[in-house]
Amino acid sequence: MSGAALGLEIVFVFFLALFLLHRYGDFKKQHRLVIVATLLAWYLCFLIVFILPLDVSTTIYNRCKLAVNSSPAESNGSYVTLAPSKQKCFKPWSYIPNGIMPIFWRVVYWTSQFLTWILLPFMQSYARSGGFSITGKIKTALIENAIYYGTYLLIFGAFLIYVAVNPNFNLQWNQLQTIGIAAANTWGLFLLVLLLGYGLVEIPRSHWNGAKRGYLLMKTYFKAAKLMTEKADAEENLEDIMEEVRKVSESIKYNHPLRKCVDTILKKCPTEYQERMGRNMDDYEDFDERQNSYPSEKSLVKLHKQVIYSVQRHRRTQVQWQILLEQAFYLEDVAKNETSATRQFVHTFHSQEPENKIIQYFYTPTVEWYWECLLRPWFYRVLAVVLATFSVIVVWSECTFFSTKPVLSLFAVFIQLAEKTYNYIYIEMACFLTIFFLSICVYSTVFRIRVFNYYYLASHHQTDAYSLLFSGMLFCRLTPPLCLNFLGLTHMDATISHKNTQPTAYTSIMGSMRVLSFIADGFYIYYPMLVVILCIATYFSLGTRCLNLLGFQQFMGDSEMTSDLIDEGKELIRREKRKRQRQEEGENRRREWKERYGNRDDSTRNRAVHTDQKESSFTETNANRPLSKYTRSNGRTERDRIELLQDAEPLDFNADSVNDDPLESDSGR
């Protein structure tokens, strides 16, 4: 079992990252390099979070083993004795042999840093580029990232010159490496505290509000009004872009050198627009003899970029609108079924997607009613209380983790109590729950935030390549300082605990922060206290109120603009509901008509086929009869034709056309 736990977690985390990426990305339409780079970034960050508790338990076992094997004279050396010399150390079930974890952390950390600082920014510019060739896209990406990389190189070069000129500094390569890590972690910690302060308050509050049916329904109406505005804006923007594409397609014919670029742009357009603009693609024109000006390749690159953006935005708003409609209909059904006497959940509309038979067997209408109308609100309230308790513990520990005598950080107290009894399962569970809760608070904020249309993670495969890569950059920059902050909360970091004990393998690759004492003793300790101010600001919704004052409508219960948007959204949902009901009624009528008259039509069709067969057999029989009988049968046919002519309806001379044969007119009608 020495390496089984590590292998299982590596496999599990891979499928977890793959599942989340499949929910937000689109494997079929997006470039494979974008999918692979984002998956690798997410996978490495999630892997650090899941493997770090195993590193903590292994470090505690190594400390115990070192303390048992060391003599009292050796206890004043490199490591202090943390347990009595006669104490027997039990190997944890998830023990990882020495030498594996340092190599593992070094590979994971430096790979994530290479992704976040070099590869992913370059791929972002490459994905947003509107170039028509790989060379053109690479050139655009290099130009856009020249300032980005140049700034960091300038700062690093100035620092190296300062160190070389100043005789008081004698830095080696390991120290320079530690300074680079400290700079990256400082940038990440600055952003980490901002996101953590928001998540510690918003996650418990969102679950508490999730138990309020009226609140969720009103917020859904508010979202519907805002999304309809965005949807109309996206449609108008797409129409304008398609009009420009049409003009370019008509001006540049197929024999023009830039026609290949126009064809590439047309392939990115929706199908209905391609069919409209495809009519004039075969027209020939000698562009050498024409004096009109043609669009340049640079303008076509810009147009290509606009087409990609507008089509992606239009598709995303369409999908989000359908999903929001389903949510609104379901919440209205929940509100109606709360007063149901039969205690069976009744849906207004049937699900458009086929449901799993196993889920239908266990999740019956009665079970659904009890869960949605009775159990789910209470479950969300209890979960909100538990999450709020965790948030209070985190805030208290962030403000007191620098105190070692006495130990005030509650997470450090829990770990030290378990360390005395060497209860490794409790240690790993406590560490996992702690870092998992911190990760949820930070990562969920990354998934929630939206920077206009520049960065937006939309579920149901509607996230563009730029946002996926940007999220991978954020994860890689936030995860290392998050883990260091966790080790500080539990006093597993020697920089915080001020003990000369064996460090964890993760801390060892970070190097000693004593090289930069003002960061180790100042910024890392006192800056996390800012989370208290951010939590208070989030609790009173100061950020939401500021955005509302700036003109960005946010959901606020005491705002007149919010009430107007709720009323508008309610009317939109009611209109869509009536449209859906009319569609279902029409389908039901067609289904009933088919069930009622479908068999009669089939019998009529079978009778006609049987009659044709009889007539054909009758004709064959008459052909073999004598001439006299054939003449008599011919007379009967003439009489039948006369009767048919007498029963035919009179001609309509006021019609647009008159047929010579009245039988043809009747059959045509």
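Don't overthink the numbers, they just go from 1 along the chain as shown.
Just so it is clear, glycine is given a Cβ too, placed from its N, Cα and C backbone atoms.
What you see is a predicted model, and the numbers here were worked out from it, not measured in a lab.
According to TrEMBL, the transmembrane segment annotation covers 6-21 (among others).
With a threshold of 8 Å between CB atoms, the same-chain residues lying at least 6 positions outside the transmembrane segment (33-52) that come near it are 6, 9-10, 12-14, 16-18, 20-21, 25, 27, 104, 108-109, 111-112, 115-116, 119-120, 123, 127, 431-432, 435-436, 439, 465, 468-469, 471-473, 475-476, 478-480, 482-483, 486-487, 506. Taken from TrEMBL, the feature transmembrane segment applies to 33-52 (among others).
Beyond its flanks by at least six residues, the transmembrane segment (103-126) meets 33-34, 37, 40-41, 44-45, 47-48, 51, 55, 137-138, 140-142, 144-145, 148, 152, 184, 466, 469-470, 472-473, 476-477, 479-480, 505-506, 508-509 of its own chain at Cβ-Cβ distances under 8 Å. According to TrEMBL, the transmembrane segment annotation covers 103-126 (among others).
What TrEMBL lists as transmembrane segment is 146-165 (among others).
Per TrEMBL, transmembrane segment is recorded for 177-201 (among others). Long-range neighbours of the transmembrane segment (177-201) within the same chain, counting only residues 6 or more positions beyond its ends whose Cβ lies under 8 Å from a Cβ of the stretch, are 113, 117, 156, 159, 171, 391, 394-395, 438, 440-442, 444-446, 474, 477-482, 484-485, 510-513, 515-516, 519, 523-524, 527-528, 530-531, 533-535, 537-539, 543.
Taken from TrEMBL, the feature coiled coil applies to 224-251. Using a Cβ-Cβ cut-off under 8 Å and counting only residues 6 or more beyond its ends in the same chain, the coiled coil (224-251) has close neighbours at 262, 265-266, 269-270, 273, 276-277, 280-281, 292, 294-295, 300, 303, 306-307, 310-311, 313-314, 316-318, 320-321, 324-325, 328, 553, 565-566, 568-569, 572-573.
What TrEMBL lists as transmembrane segment is 378-396 (among others).
If you look up TrEMBL, you'll see 425-446 (among others) marked as transmembrane segment.
What TrEMBL records for 466-489 (among others) is transmembrane segment. Sequence-distant contacts of the transmembrane segment (466-489), counting only residues of its own chain at least 6 positions beyond either end whose CB sits under 8 Å from a CB of the stretch, comprise 21, 24-25, 30, 34, 37-38, 40-42, 44-45, 48-49, 52, 56, 109, 112-113, 115-116, 120-121, 123-124, 127-128, 181, 184-189, 191-192, 195, 394, 397-398, 401, 409, 411-412, 431, 434-435, 438-439, 442-443, 446-447, 455-458, 495-496, 504, 506-507, 510, 524, 528.
Residues or ranges marked as transmembrane segment by TrEMBL: 523-542 (among others).
TrEMBL lists 576-669 with the feature region 'Disordered'.
As annotated by TrEMBL, compositional bias 'Basic and acidic residues' applies to 582-617 (among others).
The compositional bias 'Polar residues' feature in TrEMBL is assigned to 618-634.
Summarising the annotation, TrEMBL assigns compositional bias 'Basic and acidic residues' to 635-644 (among others).
According to TrEMBL, the feature compositional bias 'Acidic residues' maps to 658-669.
Within the chain carrying the transmembrane segment (6-21), a Cβ under 8 angstroms from the stretch's Cβ atoms is held by residues 35, 38-39, 42-43, 46-47, 50-51, 54, 94, 96, 100, 468, all 6 or more beyond its ends.
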